[in-house]
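One structure below.
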């Protein structure tokens, strides 16, 4: 297995890992240490050995403090990039840093050719600290503090989004060389779990005035951006949004503006079947509306597509209560921590038991009686309830509960409420080769 080679965008994963981890700049190590992760060792293993790897980490913790931890499977990231390049070869991914800014994850994406969209000065600083050049960053926040615009000008981030008159004036004043993408509101948000339309995007009647204002301010509008919303959106929403973007291109040409050369189709991609149907819809719409634009650069802002399935969270049972047939468990992470995704991202989490203390011979308790169970987070707020009426085998304090698919809007959006420090959760690195 050590000699196995997987090619991603012409890169050898062994070389990627060396440049990502072993050859990381000091700033990467500093960022990792700041996040409670001082080890950058990558463990190669087979795809079906991820649980064994987690058990080995847990075994090391049995005599010490049993803190939650993540495992990042870099092999999954490689597989996802392969899928992207096959399905959307002409669409360049700009990873949405807000989704999960884990440093080794970002470095891996960068090594495979991904660029980045940032929403704030802090995110730009973080990406730059990893040795990524400012030319690979889009400041994709339509409403920015003036201080952040000044910073973007200083460090050379020269592409941003706008959807209001005031934003044009701020950019004209503080960063006049910055090129603009007009953010438009899709008329169909695709029933996304997290729609973006209520907050961002120019309405149809606002597009011409916003183009005119930018033109009068002598700013360059290089293209159009949109976002259909995040999480399980209807892929057909891309069809209408791309058609609307084409109309903006035509309007700008009618006004005598510089030829637009960038189309940003936003995010909303989820790995699996949704991505397949979304990619088909995107390619169909691009063929219909932009087939005669050979100079056009098409970009997207995937976040959860790359992050969600690459991370697995391990938590410890710190308390238990029995009420008849009901089992109630307390774990050491919850809705104020990594599981904030249940509230704010409308996620559905699944739990897998690892009876590392009570049943080491049968870790997953296969064949055991199942009990209706409630799983609480560690804080004193009753809202901090991760799962209700969830059937799991009988578990004990110091057993573990594993949560797969925990990479999207989890640790990145957690808090330190009640003194439970989400930012201190360690991430261990693995590279699982396909079975």
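Here the Cβ of each residue, glycine as well, is placed from N, Cα and C on the backbone.
Since the structure is predicted, the reported quantities are computational estimates derived from the model, not experimental observations.
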Problem set entry | Site-mate of 268, 301, 302, 303, 304, 409 for pyridoxal 5'-phosphate in Swiss-Prot, selected among 230, 338, 368, 373 | 230
Exercise. Using C-alpha atoms, which one of the recorded positions 230, 301, 303, 344, 380 comes nearest to residue 98 (N6-(pyridoxal phosphate)lysine)?
Worked result: 303
Problem set entry | From 301, 302, 303, 304, 380: recorded positions whose CA lies within 10 A of residue 344 (substrate binding site) | none
Problem set entry | Cα separation, residue 345 (substrate binding site) to residue 304 (pyridoxal 5'-phosphate binding site) (Å, whole number) | 11
Problem set entry | Nonlocal neighbours by CB distance (under 8 Å) for residue 409 (pyridoxal 5'-phosphate binding site), same chain, sequence gap 6 or more | 98, 99, 100, 303, 304, 340, 341, 344, 345, 347
Exercise. Just checking, which of 301, 345, 381 (binding-site residues) has the fewest C-beta atoms within 10 Å of its C-beta?
Worked result: 381
For this session: Express the distance between the Cα positions of residue 380 (active site, proton donor) and residue 230 (pyridoxal 5'-phosphate binding site) as a whole number of Å.
Result: 30
For this session: Would you count the other C-beta atoms found within 10 angstroms of the C-beta of residue 304 (pyridoxal 5'-phosphate binding site) for me?
Result: 26
